C-alpha cells in the first residue's frame, strides 16, 4: 500500500472522527438522531441535603446534567434560565431530572450548595445539586462525561449532557442557543417515549 493511499485513509478517518464528535457536541447525530456515546462509570456524590447520590440513582430516569460553581459570575445566568425553562416544560414528568454538578467541590460544600439552591426558589428545590471529593469529581467529569477540565473554572464547559434511563450519554448540547435547546427538548421527549410539542 502506497504512502499516499495510507495518508488518504488516515485523513478520512480523522474527518469522520471530527464529524462524529462535532455532531455529538451539538446533540445527537447530524440528522437529529440520538446515539449512545458512553455509559457513566460507578460514582458517589452528595446532594445539597447531604444525601448520597450514585449511578444507580440515574436508572429509570432521563437526566439533564450541567456543571457550575457557586461563585460563578454572570455567565451562569443564561444557563440557569434555560434549565428553569426545561424544568417548566417537563414539570409533569417524574422521569425527568436535572443534575447540577459543582466543578469546585473543594469550595462548594453541602452547606454551600444548600444556600445556593435557595436562590432559585421552587426551581432550585427540584434540581439535584451535587458535590463530592475533588479528585472523584474530576475523574467523573473527565472519564465519565468525557469533558476536559483544563482551564476550569474560568473556561468550564457550559454544555448540557443528556443521559438515558441506563446512565448512558446520548448527547452534548451547547447552552445559550434556543435552537439547540429545542433539539434537547425533542430528544428528552424521544427518550421518554412521548410525542413532543
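Each Cβ is built from the backbone N, Cα and C atoms, and glycine gets one as well.
Annotated features, as they stand in TrEMBL:
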type	residues	note
TRANSMEM	6-22	transmembrane segment
DOMAIN	34-151	domain 'Thioredoxin'
BINDING	72, 76	Cu cation binding site
DISULFID	72-76	disulfide bond
Structural state census, the domain 'Thioredoxin' (34-151) (DSSP three-state): 46 helix, 28 strand, 44 coil
Segment-level pLDDT (mean, integer) for the domain 'Thioredoxin' (34-151): 92
